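Shown next, in structure tokens, is the structure this report addresses.
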Ligand SMILES: *Cc1c(COP(=O)(O)O)cnc(C)c1O
């Protein structure tokens, strides 16, 4: 039997791991619930979605499965309620304004909502992610909310040559280690996608987000 893409990616991740186990987030944006179910049958439990509505529709169809859902797309303030209810992780926290409402709508019978602070590490033109200097203050504010739990940092470095990407990964690793001095409980540095997840792991990623390499090319949005 030919090896499935999931097994291939998992072996590449294991080969690249330097210490702590690296989590694979399967990025299922634009993929059908059936495709997610198929990957879940092969053992994949962690999925990432970019849009709250799209995730909700798939979760309804997949309610019989125990999956872990990450929001990896930009979170609009008016979607905080649904995000707090539908996801296990929000990986794109970039402003303090989101926190009170995520905390308020997180069901107390569920574990706290896991959060990553998204850092705009190298792209001055991108609107997503906070400035590196804002990380400590955002992290402090998360502490005040009992239904929220800071787990670490996330970045989407600008597509660029390998040297620039390595520089971005190294900068993120440094920020992560600095943050861990004040917040020893954090354990997640999310960076690396289909094209560069091994490079990201070599520079300290503990979580990678892979779409295309698992599911094949995405249909072009219309
Ligand atoms: C789409 C997406 C990915 C996955 O990208 P691929 O190149 O398909 O692996 C990872 N992270 C985020 C935030 C994304 O939007």
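In case you wondered, yes, glycine gets a Cβ from its N, Cα and C as well.
Within the model, the domain 'Alanine racemase N-terminal' (15-219) carries an average pLDDT of 96. The domain 'Alanine racemase N-terminal' annotation in TrEMBL covers 15-219.
Annotated N6-(pyridoxal phosphate)lysine per TrEMBL: 29, in sequence order. All chains included, 17 other C-beta atoms sit within 10 angstroms of the C-beta of residue 29 (N6-(pyridoxal phosphate)lysine). In the three-state DSSP scheme, residue 29 (N6-(pyridoxal phosphate)lysine) is classed as coil.
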